[in-house]
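A.B. asks: So Swiss-Prot lists these for the protein:
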type	residues	note
DOMAIN	13-194	domain 'tr-type G'
BINDING	Asp25, His26, Gly27, Lys28, Ser29, Thr30, Asn141, Lys142, Ile143, Asp144	GTP binding site
Amino acid sequence: MGNHGKLSRVSADRIRNFCIIAHIDHGKSTLADRLLDLTDAVPERERVDQILDTMELERERGITIKAQAVRLLYNRPDGVWTLNLIDTPGHVDFTYEVSRAIAACEGALLVVDASQGIQAQTLANLYLAMEHDLEIIPVLNKIDLPVADVPAATEELVELLGVEPEEVLKISAKTGEGVRGVLDAIVERIPPPRSEHPQTRALVFDSNYDPYRGVIALARVFDGGLKKGDRVQAMGSEEEFEILEVGCYSPKPTALPALQTGQVGYVVAGLKDIGALRVGDTITSADDPAPEPLPGYARVLPTVFCGLYPTEGDDFERLRDALARLQLNDASLFFEPENSRLGFGFRCGFLGLLHMEIVQERLEREFDLDLIVTSPSVKYQVVVDGEVREVTNPSDLPESYDEIREPVVRATIICPREHVGAVMGLCHEKRGVSVGMEYISSLRVQLTYDLPLAEVITDFFDQLKSRTRGYASYDYEPVGYQPADLVKVEVLVAGDPVDSLSIIVHRDKAYQRGRALVEKLKELIPRQQFEVPVQAAVGKRVIARETVRAYRKDVTAKCYGGDITRKRKLLEKQKAGKRRMKQVGRVEIPQEAFLAAIRI
């Protein structure tokens, strides 16, 4: 505890706040483990791999989902330095988590795999860091691999950042080679935090909910300080509260007397209302508030929408509570109640398909819920009588409209030059428009395309990986809306439209998607005593049809010989009964059919 006593009184000149920018699998979590080892942050008996990836899901998928903040004490001959590491995700869907971490730092380690070179998502996060004027320290990792091409990767970084070749640190996080040099570079190259205002201001860059202590916020103090007992105010929600405790993670929670300018730590607010202290908010003193909040980061807008329904109708309230809790930790999650053929559920908005999968898995694991998820869709703009409406659910699309516009993204794809033809072919199939192409190095090309978001969120990433044998990487950002020839494909089972299976697609692909849907449903809908037509329709026109054959019930089995008219009478009666069933019978669609159709 001796070191922690000094922590709260440490001079701002001896603090360094930094984050790690890296692509998935480039060794960021392993490097974080080595930095923790070298600063003795974790006792040897408690060391595990990827110690900052606390969520079971993060370790299982080998990705970082939530940003984490850890304080390291680094002993050098010139004294003890406090290094605050803010660990960030690398996947495109979690760019928002990265932007939050960047807002809380003065410097960044740019970690690149020496065998793969820089990737598209790393590039996107690097530009984000440069916009915030962060000091960038380039680090080449995995130099111990036999396939590592250190000179080529170094040249790429030198060209990209305009640095000298000797400024690029060459390390192996796995073996620990060169890692101490990273700690020295953090101290020597990254500037200390600076205070600009006399009033207290702290930026909330993450938060979570504790059932006993209420909302716990992770914050970076930019001006002034925070201590236990202070009356403070969240500038966004204007909610006032008293601080119950402040402290830091090293990496276990450690209470401190105060958090001073430049320090990163947690604040226990004791608030029970999840929405009172949102991510991106500024905490200031209630008695002497700051005139304006810190420039947080833009409110992110969801790009992918889907319906989430509990399989048991009674679980509706549990699902609402679970979503509200996840939303506290994940400000980019959006949800609102909706009702359909599947019962009561929620229309949810996500940053991308991986984000959607992660939220679904967390709901099922952490809250023990059984869920049905409808097809993902995007937000369309529909012009009706000159008025623009937003539609996220295909069943809300009006019968007639003047124009429909779809969201477009600008995708940056980096791939080896021998795969350029395959990538261009894929982008054209997905209705992409080429914007530019440039060589990053003699072997790797950066292609830029404008693509409809609806085409990107389905199987674009899988196709890109398979066509380039896993060598391509991509990143995208929204660029607005464009008019498109889109239609709504409705599914009718026994003449009844099934809202949950409606999709909005480009007219050229309507037949193909409609055909695939009805064929899948034909396999999965159980046979009835009457024929069940399964149709896909655009407006009033049926574009594809399959029939679930009726099974025959042998009504004459009880007749032993005797008059043929007796059998005929029974068969006529059955025929009339079937005709009546066909008119009034509702076909129950099993959940497997919904799930299979959704995945098409």
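Cβ atoms are placed via backbone N, Cα and C, with glycine included.
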A.B. asks: Would you mind giving the whole-number mean pLDDT across the domain 'tr-type G' (13-194)?
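C.D. replies: Computed over the domain 'tr-type G' (13-194), the mean pLDDT is 73 on the 0 to 100 scale.
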A.B. asks: In this structure, which of the binding-site residues Ser29, Asn141 has the fewest other Cβ atoms within 10 Å of its Cβ?
C.D. replies: Ser29
A.B. asks: Cβ distance under 8 Å to Ile143 (GTP binding site), same chain, sequence separation 6 or more: which residues?
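C.D. replies: In sequence order, the residues whose Cβ lies under 8 Å from that of Ile143 (GTP binding site) (at least 6 apart) are Ala114, Val150, Lys170, Ile171, Ser172, Glu177, Gly178.
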A.B. asks: Helix, strand or coil: which one is Ser29 (GTP binding site) in, per DSSP?
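C.D. replies: The three-state answer is helix.
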